[in-house]
Amino acid sequence: MVDADPQPTESPAPQRAERTAQQPFLEMRGIVKEFPGARALDGVDLEVRPGEVHCLLGQNGAGKSTLIKTLAGAHQPTSGEILIDGEPVTISDPVAALRLGIATIYQELDVVDGLTVAENIYLGHELASGGVTRRAEAARNTRKLLERLGHTEITPHREVGSLSAAGKQIVSLARALSRDARVVIMDEPSAVLDSEEVGNLHRIVRELTADGVAVVYISHRLEEIRQLGDRITVLKDGRTVAESLVVADTPTDDLIKLMTGRAVEYAFPDRPGVAEDAAPVLEVEDLALGGVFSDVSLTVRAGEIVGLAGLVGSGRSEILETIYGARRATSGTVRVGGKRLRGGVDAAVAAGIGLCPEERKSQGLLLDEPVYRNITLSTFARTARAGLLDEKAERAAAREQVEALDLRPASVERHARTLSGGNQQKALLARWLVHGCRVLLLDEPTRGVDVGARAEIYTLIRRLADDGAAVIVVSSEIPEVLGLADRVLVISDGKAVHEGPAGEIDEHAVLDLVMEGSVA
Amino acid sequence: VSNEPRESEDDAATGPVAVTENDEPGDEVVIGFSAPAADHGWMGAITAAARAEAEKYEDVTLQVAEGTNDVNVQISQIEGFIDQGVDAIVLLPFDGAALTDVALEAMEAGIPVINVDREFTSPFAARSTVLGDNYGMGVSAGTYICEQLGDNPDAVVAEIAGIDSLPLTQDRSQGFEDALDDCGLDVDARVAAEFTVESGEEQTANLLSAEPEIDAIWNHDDDQGIGVLAAIENAGRDEFFLVGGAGSKNMMDLIQSGDSVVQATVIYPSTQAADGVKLARLVAQNKTVSDLASIGVPRQVQLYAPVVTADNVEEFLPIGFDS
Amino acid sequence: MSQRSALMGPALRMGGLVLALVLLVVVGVATGGERFWSTGNLITVLSLAAVTGVVSIGMTFVITSGGIDLSVGAVVGLASVWASTLATQYAAQDYGWWVIVVTALAVGLVAGLVNGALVAYGKVPAFIATLAMLAAARGLAEIIAGRRTQVIRDVEPFFDVFQSRPLGVPTIVWIFVVVAAAGWFLLNRTTFGRRTVAVGGNPEASRLAGIKIKRHTLYLYGIAGLTAGIGAVILLARTTAGSSTHGTLLELDAIAAVVVGGTLLAGGRGTITGTVLGVLIFSTLTNVFVLNNLDSSVQAIAKGAIIVVAVLLQQWFAAREKVTST
Amino acid sequence: MSQRSALMGPALRMGGLVLALVLLVVVGVATGGERFWSTGNLITVLSLAAVTGVVSIGMTFVITSGGIDLSVGAVVGLASVWASTLATQYAAQDYGWWVIVVTALAVGLVAGLVNGALVAYGKVPAFIATLAMLAAARGLAEIIAGRRTQVIRDVEPFFDVFQSRPLGVPTIVWIFVVVAAAGWFLLNRTTFGRRTVAVGGNPEASRLAGIKIKRHTLYLYGIAGLTAGIGAVILLARTTAGSSTHGTLLELDAIAAVVVGGTLLAGGRGTITGTVLGVLIFSTLTNVFVLNNLDSSVQAIAKGAIIVVAVLLQQWFAAREKVTST
Ligand SMILES: Nc1ncnc2c1ncn2[C@@H]1O[C@H](COP(=O)(O)OP(=O)(O)OP(=O)(O)O)[C@@H](O)[C@H]1O
Ligand SMILES: Nc1ncnc2c1ncn2[C@@H]1O[C@H](COP(=O)(O)OP(=O)(O)OP(=O)(O)O)[C@@H](O)[C@H]1O
Ligand SMILES: [Mg+2]
Ligand SMILES: [Mg+2]
């Protein structure tokens with residue numbers, strides 16, 4: 001991603017070009033979708049052919065998820081028409097979409113925690129005789145699907161609630177595959193996956209297209225789109241601004257310009273280097289959480305950004321959460337500014353630590369509260385006088401961040417639920433910017449954030465560090481960790497297997513370390 | 001099928017009525033009536049009898065408030081009556097003590113209050129009081145059981161009480177205990193049901209299971225008695241005899257037929273409120289009770305709690321209420 | 001390891017309940033001896049558990065789906081009254097005892113479906129819709145019964161069937177066993193049951209997976225109503241009478257049994273086994289209390305304490321489960 | 001526009017309730033005429049509303065935070081009994097009438113804190129913990145009172161204070177007004193209220209944002225207990241007596257008023273105004289029923305129907321709100 005190539009690197013395989021010449025399988029014409037108080041789609045066109053990977057590109061809030069939800073029957077379009085094989089159809093509900101051969105993996109995790117893996121995969125189209133589920137067969141098929149996805153460690157009878165976010169994503173994927181669909185829609189499937197998983201996912205997508213299945217793929221990772229996509233449709237502010245561009249013929253810069261309407265400086269901010277005598281702000285010593293990780297020690301000085309790299313499930317999120325006091329450490333100590341931290345989250349927040357959690361919906365947001373209350377959730381008590389809220393000050397503080405982060409729409413009164421995924425992420429970041437932390441723990445801070453905003457967030461994180469904060473960043477995109485951090489810690493299987501300056505190691509080396517560690 | 005109403009409601013509720021000069025129409029009076037929720041047969045009979053009594057007099061309009069077991073609501077009902085300026089109030093309070101204050105208020109506002117069944121704590125709160133005799137009921141039941149078992153000091157006596165948190169249940173149990181004590185018996189097992197058929201059945205089933213040998217049972221309430229009998233039937237037990245309470249027609253029929261464990265029941269008149277209505281009318285019309293020599297309605301009328309057995313059941317059948 | 005914990009999980013989660021029940025039985029035997037540990041008494045305990053038990057099975061479905069049904073007690077009353085009116089009794093004499101059963105089940109089912117329609121299609125919160133049904137069903141039952149207890153007479157075959165004791169166990173206990181087994185099967189082994197869990201755990205995901213949530217919700221309340229109808233039949237058989245007071249506060253007992261059993265009140269996780277254990281705990285508790293001739297006030301306090309202890313035990317076992325599975 | 005809808009939203013959502021109340025008043029005037037629309041009768045309605053009203057305010061907080069308190073009715077009973085024991089009465093005679101008040105409030109508060117501790121620190125589901133408290137508090141109240149009603153005697157100043165009528169309105173109505181106003185302020189204008197809404201909306205997010213959700217939960221149940229204590233004082237003033245049966249089933253009335261008022265049972269949204277309207281609707285309903293001399297069974301059915309209609313009206317207004325705000 002750092003060195004995204006403006007020129008196409010991979011020439012599309014010959015048979016792919018052949019197929020793209022076929023009749024479109026699916027067409028959407030002039031789709032408009034209005035929500036109370038917002039027009040999310042304002043005339044969108046899309047055309048998908050069999051056997052192609054059609055990428056949807058657009059900034060946060062451009063309307064990508066809304067578009068595919070109208071296609072999946074989850075939303076009803078206000079106007080516009082949908083054609084399948086040239087025939088107009090109405091997709092009145094999800095069942096109708098599935099019947100038409102449209103399977104969808106949604107941006108937000110759509111699994112049921114209380115059901116097993118197999119039950120989740122077959123939810124809605126259970127293998128059953130007269131209403132009685134055929135469990136053995138479902139388990140067999142599930143095992144096959146998971147094998148195809150390269151995840152034999154996820155067993156069919158495991159409860160999905162015990163899986164990590166990535167595991168749940170795999171289950172969603174398996175569910176879409178189980179539908180034998182003609183088109184599979186994937187809304188940011190790679191956002192929670194690490195690089196190895198992403199490779200795996202790409203292989204599956206290629207297998208699908210080889211069988212003539214069309215894939216509609218949404219992602220903010222442009223290099224991924226380059227590798228995988230055949231054609232691209234770009235959305236901006238609910239309209240199609242470019243339809244069915246051939247990937248091979250479109251330089252990345254053009255795409256960014258189409259999406260954002262401007263040229264974005266597409267690089268990581270400079271590393272000014274941390275002064276040798278900078279005071280250590282966060283000191284973690286021999287931290288362990290029973291069964292998940294152990295012996296984690298690290299020191300972050302003022303102005304320093306430390307990155308944690310590792311595979312999904314290696315325990316990085318738990319390390320952050322334990323430092324933050326959200327989980328009770330089995331052993332070890334955490335010091336902030338030399339003072340030992342005791343107690344739970346509230347003590348950590350009081351000491352000036354902030355955590356941007358991994359799952360924004362379940363761990364971060366009050367979905368039915370206005371944006372400004374989400375932004376001031378950690379600080380409203382501070383702006384209050386004698387327990388009396390000062391909403392004016394809260395709104396002002398929130399508005400400032402909304403502008404700084406270019407949150408769209410730029411209203412602080414909207415409920416968090418109505419924001420697009422990427423904008424919800426920005427609102428979470430804004431919470432800690434208002435708080436003004438000494439230590440900031442960021443778990444996948446750019447998950448689902450568009451290119452333009454991504455650059456802004458990088459700059460912002462660096463600026464925070466420059467202002468004296470100690471920052472830890474966890475990201476599944478190794479280039480992001482390497483590009484942003486001063487120092488990296490490579491985590492494998494709950495242990496730190498390497499620590500060193502970010503500039504002295506590359507992606508392959510990290511991957512090697514990770515693999516070695518997990519074998520050991 | 002024999003659970004059809006055998007007689008019309010008013011006959012069943014009030015029994016024979018002698019016509020006196022007091023029954024001549026007088027001034028039009030509005031009487032407010034308030035009682036606990038009619039959630040079981042006895043209380044249903046109370047309200048039905050009061051309504052029926054009022055029907056008989058064309059000079060009486062009975063204003064009936066929703067039956068409620070919430071003293072707060074009942075107080076507001078009385079406040080409503082005061083506000084409307086009714087001519088008299090007949091009040092069977094859910095809890096006598098809790099309704100005393102509002103009754104005083106009514107009396108102070110010049111509205112005579114006739115207190116029924118559960119007594120107020122202040123003598124000034126009611127113009128006249130019609131009382132059942134809860135303690136006496138327990139005594140009657142206990143005395144009857146003593147008579148039957150008197151020669152056997154080891155006899156096992158069980159008690160199936162009603163809603164245990166009500167003072168009236170405590171009074172009944174106290175009377176029962178005192179009467180048994182007189183002949184050297186005591187209550188060996190006691191459960192409390194809730195005046196409902198279902199709870200009667202449930203509690204009795206447990207009781208019978210816990211006590212393999214019983215000689216006599218007193219059940220406070222004939223409404224729950226249907227459940228009590230069902231449980232006895234289900235358990236196939238008949239080594240004891242059962243004494244009922246309140247006096248439902250059902251139980252009287254069983255006593256009469258003599259082929260069940262029911263040997264007796266202690267009357268707790270369900271006509272109290274009807275008497276209350278009658279007295280309220282007299283008070284409001286400034287009349288007097290004609291069979292008495294004294295002028296004016298008496299301060300207190302306490303009704304008798306007789307024991308109904310096969311010998312005298314004929315006599316009581318007409319006042320048995322449908323449970 | 002995850003395999004093991006997946007298997008051990010539910011078993012361990014039940015551990016607290018089983019332990020609570022065993023402790024109760026020990027107390028029962030210690031204080032009541034043979035009077036407690038006799039076939040007769042154990043059958044009494046089971047018989048008394050039957051009504052609450054059957055109704056709790058239906059309630060488990062509703063609660064698993066994230067709903068609640070406060071009307072079951074009142075519906076039991078209404079169904080018992082309707083099934084014991086003179087008209088029904090005459091019909092039963094003419095056509096057969098099943099008329100009573102069918103009437104009770106039909107009344108329960110219809111009341112349940114009305115609940116379901118209000119919740120699913122009227123979007124009335126379940127708590128409110130079923131609270132309204134509670135009030136309405138009781139009122140209707142009182143009007144139909146004229147506040148009288150309606151004794152069933154001259155329908156002997158009805159009692160012959162329901163008061164009989166195949167294999168020495170009362171029919172009504174068999175009914176409880178069959179309903180519980182059917183409930184377990186329905187919840188764990190059928191499409192319907194798995195969808196119920198899904199609807200409770202993540203309604204939006206369920207909708208997107210193609211489940212017709214509204215229709216499913218309608219059915220769920222129908223099931224709860226139907227079990228209330230079955231409960232009414234059992235009560236008719238036990239008490240020989242229908243009454244508008246039948247089932248008073250039964251809804252609280254049922255919800256308590258379901259939740260103590262481990263079904264999440266928020267939905268998404270339900271266990272029939274837990275519900276059955278919950279029902280048995282409460283029924284044994286009452287029995288032990290009576291055996292010890294305990295004052296009803298002391299009973300109330302002890303009951304409160306025991307509920308809390310049972311749940312804390314469950315928590316403790318759940319915590320242990322986590323530790324062993326890591 | 002979003003600004004406007006944010007302002008209009010709550011007003012419109014209240015629309016259904018206000019309409020329901022207005023309809024009730026119209027029915028009251030039409031059928032009762034002056035008997036309904038007199039100062040005396042309106043004060044009767046408000047006095048009746050006071051106990052449920054005060055308790056419902058506390059309940060609003062608990063439900064907004066995603067919890068529930070089934071014990072309030074029993075706690076009202078316990079507090080009323082404790083505050084009217086002979087010992088308390090002697091102390092009140094010696095030291096002043098406030099002893100009674102303080103005792104009732106303290107009993108309510110402690111019971112609430114026990115609930116809160118069980119829920120927050122013991123992780124017992126709120127439904128279970130407060131159900132256990134319900135049973136235990138009633139049992140304890142019965143034991144303390146010996147199942148007798150305890151009349152308060154010779155503490156005249158207590159009645160002088162609470163049965164007086166400043167500005168022609170009974171003190172207990174003033175208490176309701178003050179508690180409601182304080183509740184509104186606490187929920188809408190203070191950090192405490194904000195935390196309550198946050199905890200109800202997403203407890204995990206609130207915890208991760210640094211809110212001490214356990215301590216907060218403890219306080220919330222404390223508030224519910226405290227309002228139950230206030231309710232007990234009002235009942236003592238109205239009935240001049242304490243009884244273990246005081247407040248029976250009050251929890252259902254309170255929850256119904258809160259939920260009909262528009263507070264989400266799942267938590268995350270609460271409205272004191274709605275709760276007050278809900279309480280007034282139920283209390284006016286009872287009054288209109290009495291004025292019309294309606295049979296209590298018919299009343300029950302009507303009550304059920306009216307609850308559903310009130311909620312459907314609210315739904316309809318909410319839908320309109322959406323349309324107008326686009
Ligand atoms: N339920 C809703 N009510 C109101 N507005 C909504 C609702 N859902 C989405 N929107 C608005 O519609 C617009 C498009 O949202 P959408 O989720 O489709 O964006 P997106 O392109 O998927 O963004 P991202 O990349 O961040 O996921 C946004 O402005 C969003 O605020
Ligand atoms: N409460 C828990 N008890 C035991 N194990 C847990 C618990 N929570 C998570 N785990 C396990 O800990 C490991 C690490 O979890 P997690 O997926 O959060 O790591 P991660 O490195 O942050 O990966 P991701 O990129 O998905 O965030 C996983 O194997 C997970 O199953
Ligand atoms: Mg999106
Ligand atoms: Mg993670």
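Cβ coordinates come from backbone N, Cα and C, glycine included.
Sequence annotations record features per position, and here TrEMBL assigns transmembrane segment to D:42-63 (among others).
Proximity of distant same-chain residues to the transmembrane segment (D:70-91), defined by a Cβ-Cβ separation under 8 Å and at least 6 residues beyond the stretch ends, is recorded for 51, 55, 58-59, 99-101, 103-105, 107-108, 111-112, 115, 127, 130-131, 133-138, 140-141, 144-145, 150-155, 224-225, 227-229, 231-233, 235-236, 241-252, 254. For D:70-91 (among others), the entry in TrEMBL reads transmembrane segment.
Positions annotated as transmembrane segment by TrEMBL: D:97-119 (among others). Taking Cβ pairs closer than 8 Å, the transmembrane segment (D:97-119) reaches residues 58, 67, 69, 71, 75-76, 78-80, 82-84, 88-89, 91, 125-126, 129-130, 132-133, 137, 152, 155, 157-158, 161, 217-233, 236 in its own chain, all 6 or more past its ends.
Residues or ranges marked as transmembrane segment by TrEMBL: D:126-147 (among others).
Feature annotation from TrEMBL assigns transmembrane segment to D:167-187 (among others).
Taken from TrEMBL, the feature transmembrane segment applies to D:218-237 (among others). With a cut-off of 8 Å between Cβ atoms, the residues of this chain six or more beyond the transmembrane segment (D:218-237) that come close are 50-52, 54-55, 57-59, 61-62, 65, 67, 69, 71-73, 75-80, 83-84, 100-101, 104-113, 115-117, 119-121, 130, 152, 158-159, 162-163, 171-172, 175-176, 179, 192, 196, 246-247, 250.
A Cβ distance under 8 Å defines the sequence-distant neighbours of the transmembrane segment (D:274-294), meaning residues of its chain 6+ beyond its ends; these are 13-14, 17-18, 20-21, 24-25, 27-28, 31-32, 35-36, 41, 44-46, 48-49, 52-53, 56-57, 59-60, 180, 253, 256-263, 302-303, 306, 310. The annotation transmembrane segment is assigned in TrEMBL to D:274-294 (among others).
Under the heading transmembrane segment, TrEMBL lists D:300-319 (among others). Outside the transmembrane segment (D:300-319) by six or more residues, the chain places 12-13, 15-17, 19-20, 24, 256, 260, 262, 281, 285, 289, 294 with a CB less than 8 A from a CB of the stretch.
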Residues of the same chain, at least six outside the transmembrane segment (D:126-147), with any C-beta under 8 angstroms of its C-beta? 62, 67-71, 73-75, 77-78, 80-82, 85, 111, 114-115, 118-119, 221, 242-244, 251
